């Protein structure tokens, strides 16, 4: 528990998304539905990709890992977030908070680079189709995936390590629904200069490098699509490409906006914008990247038919 003045904080209180009592119950059911849809969608795709050998290709390999990341990082904070809507005081221990911070950052940063790998995969498939099998070999895909997780581990370790060196004295109310970097820095009673420099460097790298790489990849992809002679083929490619760009913009845009708003002191706007990359995007990813795909639809239809036949007999 929190002791008196000049003593160290051993637990935090998560303020949650809103302090308006009339919104608590509706928001609980809303985010519960979002979480269930996220879990079912991503877990379903993981099982589908694992059981269907014809989906063991580079594109679906990255989608498998994306679903795994979304499944994990939604589960890192959502249970605590839901508790905040139904309990008067949502308490998390110091150790629990640092653990949540580490795994949240690990999965979020890993997702940034997994999305980058997926954009590169689409670039090679559309712009250099004849070299696709050679360029996107199993070894290359494994290296890109491993690199994504390594970047996630490095970023999470840097931020959490710097956070552990701080001292938290009297203030223990985190103005957020999860343990995140900037809300925690505001509570420290010691200098946060080193942490702020690390945030500037690490967050800058993990947002700018993936977003610029993805942007360049999609510029080349759009250029190639414009050379497609078939109007139907061109419109279909643009439809797929635009949905991907919207999902990516939501993820990177809301993450960048949240850090900008928290840095400028607009905490409430920062919390609301964070909902998009923490809750909305993991729910939409299966629909945008997988369930609109013809091969996935066929595999899903076959799986549902098998389940129906088993139930009949």
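We number each residue from 1, going along the chain as drawn.
Backbone N, Cα and C atoms are what each Cβ position is placed from, and that goes for glycine too.
Pulled from Swiss-Prot:
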TOPO_DOM  1-25  topological domain 'Extracellular'
CARBOHYD  5  N-linked glycosylation site
TRANSMEM  26-46  transmembrane segment
TOPO_DOM  47-54  topological domain 'Cytoplasmic'
TRANSMEM  55-75  transmembrane segment
TOPO_DOM  76-99  topological domain 'Extracellular'
DISULFID  97-189  disulfide bond
TRANSMEM  100-120  transmembrane segment
TOPO_DOM  121-139  topological domain 'Cytoplasmic'
TRANSMEM  140-160  transmembrane segment
TOPO_DOM  161-197  topological domain 'Extracellular'
TRANSMEM  198-217  transmembrane segment
TOPO_DOM  218-237  topological domain 'Cytoplasmic'
TRANSMEM  238-258  transmembrane segment
TOPO_DOM  259-270  topological domain 'Extracellular'
TRANSMEM  271-291  transmembrane segment
TOPO_DOM  292-313  topological domain 'Cytoplasmic'
Surrounding residues of the topological domain 'Cytoplasmic' (218-237) on its own chain - C-beta under 8 Å, 6+ positions past either end: 119, 122-123, 126-127, 244-245
Counts by DSSP class (helix H/G/I, strand E/B, coil) across the topological domain 'Extracellular' (76-99): 17 helix, 4 strand, 3 coil
Dominant neighbour of the transmembrane segment (26-46) in 100-120, 140-160, 271-291, by Cβ pairs under 8 Å: 271-291
Overall pLDDT for the topological domain 'Extracellular' (76-99), taken as the rounded mean: 91
Assigned element (helix, strand, coil) containing residue 189 (disulfide bond), judged by DSSP: coil
DSSP-assigned states of the topological domain 'Extracellular' (161-197) in counts, ordered helix, strand, coil: 14 helix, 2 strand, 21 coil
